[in-house]
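Undergrad: Please find one structure pasted underneath; my questions will follow.
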């Protein structure tokens with residue numbers, strides 16, 4: 001009888017251990033206890049962790065870097081990256097007008113070199129209605145607008161139009177050409193964009209001679225109107241006139257080459273000069289998304305479900321999103337509780353069956369005695 005009782009105690013102890021083992025994986029589930037035991041990550045910490053895991057990409061205004069949560073890692077539709085080593089350069093949108101001298105001193109083959117230079121310049125730019133727009137003012141003793149900023153929004157069409165330009169011969173009325181560009185091409189009606197769009201207005205003058213009219217006052221007026229002027233002198237160009245026309249600082253806006261045969265070498269220089277800085281890539285303190293602006297600065301945006309705070313850098317989760325997350329968390333806890341209850345019911349049923357079996361064996365053993 002003693003051995004029977006000992007066996008019974010052993011079986012009950014074994015079943016108790018099995019119940020405990022079954023219970024332990026679920027942590028003795030209780031909704032409040034489960035929530036308290038779970039590690040709580042402050043929202044700010046979570047946001048920083050998310051940023052560390054996702055490489056920044058960058059988004060320009062108007063298009064989608066979100067390149068730089070810089071979140072969708074795409075470039076804006078009016079911005080493209082140019083590989084300039086470590087300079088973080090982007091082709092920024094421009095209203096660009098080439099003012100080219102085709103006077104008698106520019107030989108036909110030299111004028112062809114100028115057109116090749118312009119075509120090479122176009123190849124380095126992102127051309128489009130929302131990107132860089134290009135116009136050409138051709139001059140000698142008279143001025144001819146070859147096409148306006150609103151004429152060509154695709155690169156093939158623009159380059160074909162450049163190839164069709166013919167020289168005018170005769171004199172060198174550079175001042176008149178600048179005045180025409182300012183009054184007739186850098187206007188909204190001709191395709192120039194409004195000042196509040198932060199699109200830079202740039203004029204590049206290419207000449208090999210001395211102006212036959214006054215350039216100082218008209219160039220000053222153009223600069224005052226917000227037009228950035230670059231002056232490129234070739235061969236016999238008058239350096240004093242180039243300096244009077246160009247924007248400051250002069251060492252960044254005045255260029256000189258000895259012959260038209262090497263003017264194409266200026267392409268890479270202008271590519272670097274006209275590029276926009278990728279402000280996001282240089283470093284930012286946005287919580288979620290950094291967006292490049294057209295003026296070499298950046299702004300911050302938040303992911304969906306978050307609102308930008310007053311500091312314009314950090315983000316706070318919307319109330320509706322927080323409520324939804326709580327409901328989702330409650331649902332997860334409810335599912336875990338149901339799973340635990342089902343497991344416990346199964347274990348209790350197994351325990352009851354074993355106890356019933358043990359009771360029968362005890363009864364049978366007593367009957368034999």
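Each residue, glycine too, has its Cβ placed from N, Cα and C.
Where the annotation comes from TrEMBL, it is an automatic prediction and has not been curated.
Copying in the features that TrEMBL gives for the protein in this structure:
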- 1-21: signal peptide (SIGNAL)
- 95-270: domain 'VWFA' (DOMAIN)
- 276-316: domain 'EGF-like' (DOMAIN)
- 280-290: disulfide bond (DISULFID)
- 341-368: coiled coil (COILED)
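Help me understand the surroundings of these features in the structure.
TA: Mean model confidence for the domain 'VWFA' (95-270) is a pLDDT of 95.
Secondary structure by DSSP for the domain 'EGF-like' (276-316): 0 helix, 15 strand, 26 coil.
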